[in-house]
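Asks: Got these off TrEMBL a minute ago, pasting:
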| type | residues | note |
| --- | --- | --- |
| ACT_SITE | 169 | active site, proton donor |
| ACT_SITE | 366 | active site, nucleophile |
| BINDING | 26, 126, 168, 297, 412, 419, 420 | substrate binding site |
């Protein structure tokens, strides 16, 4: 493609919010600096075989020490908005007190953003849970510790944060972390993943309540990764499997946000409901939201299990879920991480959500592609990423034209970084990072965005 000479007028920076996004663990490094305590991802990375390339976030992009240059880079590329996350383990101690040195880092980051006219868009939790919280998200008490953390951030930084999301993609923390076992802490227990999901949503509600006692004028919301799950065939069992996958990934988080019960199909998988749910929990989860962030990358294809698998196997866990994912048939194009490029899925996801829930204003808080093109003669020609982004810009404009209240778009990501279980093997940045020298090189996609935003 690469034929976009100007943005659709509906996406003009004069009326539409354009930004880039990162997260703390993926870019900051400085894993023990200035009183930072370990996160569950520090622990997870130290376990053999957990990370594809055996790497960790100890240095990452060294943003902790290079934030001033990185903020200047954001400004030079033409972005007026920056989404980042605050590292819970960096700004609280093991006894839940404020770590002033860690808080000072974010004050200096906010100073730099302000000096360049860039508006911050903060997320309180992007998966780096303090490792000392006993039981993690399986312990209901962690939701209350999150509320304490939210109040602490509100007191120290809240007057400088106009918009704050409580959680990023709680599905990943709950299900990738406690069911599939590929994210920290690495659990493989279906019932526990559902318990973690409930405690995450409880934390969201408690965190919003705590923040509003300190900073009532902040715009508050959450960032989700709602899934589009298409059935592999039109067989009734595959259609049912796809619906069950969407119930897990969408309804189990959106229902509590709007005061609705969890899907019964999922509740039945937990067993002892009495220990999980308490009177008033749904009301806590359903705090009024000022916005919702949506992260979209691709769709999934689901099918039913064809045979009874042996207990304890991966297929047995799929049978517990009621679905398994399969590769798309004859995809037009895949990104370098193996995900189908399916831009129309963004429109379908938003329309599906609109049909089921009374949504607040929306921001596309993450969208991007893994394109591992390297540096050649001082440049990075990531044409596949350019094609991907242009196609998704068109979908956003189409949605707005169709009546969707979408107010902004954040590209994932500002720069190559630690891509969780993939380590440094997958590059999502519009800026290339040489992790040996920390040199930043804007890619063709970054220069394309710079041109479009300045046109």
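In case you wondered, yes, glycine gets a Cβ from its N, Cα and C as well.
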Asks: Applying a 10 Å Cβ distance cut-off over all chains shown, what neighbour count does residue 169 (active site, proton donor) have?
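Replies: Other Cβ atoms within 10 Å of residue 169 (active site, proton donor): 24.
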Asks: Using a Cβ-Cβ cut-off under 8 angstroms and a sequence gap of six or more, which residues of the chain neighbour residue 168 (substrate binding site)?
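Replies: Residues satisfying the criterion: 23, 85, 123, 125, 126, 127, 223, 293, 295.
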Asks: Determine, to the nearest whole angstrom, how far the Cα atom of residue 412 (substrate binding site) is from the Cα atom of the residue listed as 'active site, nucleophile'.
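Replies: A Cα-Cα distance of 5 Å.
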Asks: Does anything in the same chain, at least 6 positions from residue 297 (substrate binding site), have a Cβ under 8 Å from its Cβ, and if so what?
Replies: 339, 366, 367, 368, 369
Asks: Would you work out the biggest C-alpha to C-alpha distance among 26, 126, 168, 297, 412, 419, 420, the residues that bind substrate according to the record, and give it in angstrom as a whole number?
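Replies: Comparing all Cα pairs, the maximum is 18 Å.
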Asks: Suppose we draw a 10 Å sphere around the Cβ of residue 26 (substrate binding site). How many other Cβ atoms does it contain, all chains included?
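Replies: 24, counting other Cβ atoms within 10 Å of residue 26 (substrate binding site).
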Asks: Do me a favour and check the Cα-Cα span between residue 420 (substrate binding site) and the residue listed as 'active site, proton donor'; whole Å is fine.
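Replies: Here the two Cα atoms lie 14 Å apart.
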Asks: Round to the nearest Å and give the CA-to-CA distance linking residue 169 (active site, proton donor) with residue 26 (substrate binding site).
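Replies: Rounded to a whole number, the Cα-Cα distance is 15 Å.
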Asks: Using an 8 Å cut-off from the Cβ centroid of 26, 126, 168, 297, 412, 419, 420, can you name the remaining same-chain residues around the substrate site, in sequence order?
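Replies: Close Cβ neighbours, site residues excluded: 23, 169, 366, 413, 417, 428.
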Asks: What are the sequence-distant neighbours of residue 419 (substrate binding site), meaning same chain, six or more residues apart, C-beta distance under 8 angstroms?
Replies: 26, 370, 425, 426, 427, 428
Asks: Provide the three-state secondary structure of residue 366 (active site, nucleophile) computed with DSSP.
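Replies: Strand, per DSSP.
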